[in-house]
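Taking it in order: structure first as structure tokens, then the write-up.
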Ligand SMILES: Cc1cc2nc3c(=O)[nH]c(=O)nc-3n(C[C@H](O)[C@H](O)[C@H](O)COP(=O)(O)O)c2cc1C
């Protein structure tokens, strides 16, 4: 039985296209493995905070020297990393906000990128430590970025691929549903995105 971690980063609940697209990916994964366990983590319910001094102190203090306040500051980071470690597959919903990812997703990345835990520095450069996993990213956008004049303005997919690769998750499939703000495309955008899913 595989474990799927579904990361939600849209606050729009049942109206969210990235949630619907991610759910369609999960449905397809469950066709392959009906017993798959799905852990849902909705980042919009209790967003990770911006990194504060207390978080950074805890990140860069050896575990054996952690004070009670370090332990408290690092708890949610540890929990989020454990969720990823426990998962075989990540399905991340990523709406585009102002050409990038939503701030709740950025904060999640800020709390899971930990030297010595999810990546390490070597003489050859950083090496990701969360290897052997697969990720699908459901990217939804108002405009069109897969082709045409706005291609260079998509900072969602390169950023997510870079961050996942940085922590060792290099097998990443991007699934797009795009054009929700384009009159001629918005009715079919989600179905086209769902139809494009390839596991
Ligand atoms: C605050 C905000 C900023 C947005 N910025 C962009 C943008 O820069 N480019 C774009 O193509 N669409 C943008 N959109 C449109 C969303 O990416 C699109 O509606 C997407 O489907 C939202 O995903 P969701 O339905 O899962 O919330 C923005 C939407 C919101 C609410």
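Quick reminder: no glycine exception, Cβ is built from N, Cα and C everywhere.
The feature FMN binding site is assigned by TrEMBL to 10, 16, 17, 18, 96, 97, 98, 99, 140, 141, 142, 143. Feature annotation from TrEMBL assigns domain 'Flavodoxin-like fold' to 3-195.
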Residues that sit under 8 angstroms from residue 96 (FMN binding site) by C-beta distance, when 6+ apart in the chain: 139, 140, 141, 142, 145, 154, 156
Among 10, 17, 98, 140, the one of these binding-site residues whose Cβ has the fewest neighbouring Cβ atoms within 10 Å: 98
Local confidence of the prediction over the domain 'Flavodoxin-like fold' (3-195), expressed as mean pLDDT: 97
Taking residues 10, 16, 17, 18, 96, 97, 98, 99, 140, 141, 142, 143, which bind FMN in the record, the widest Cα spacing (Å, whole number): 17
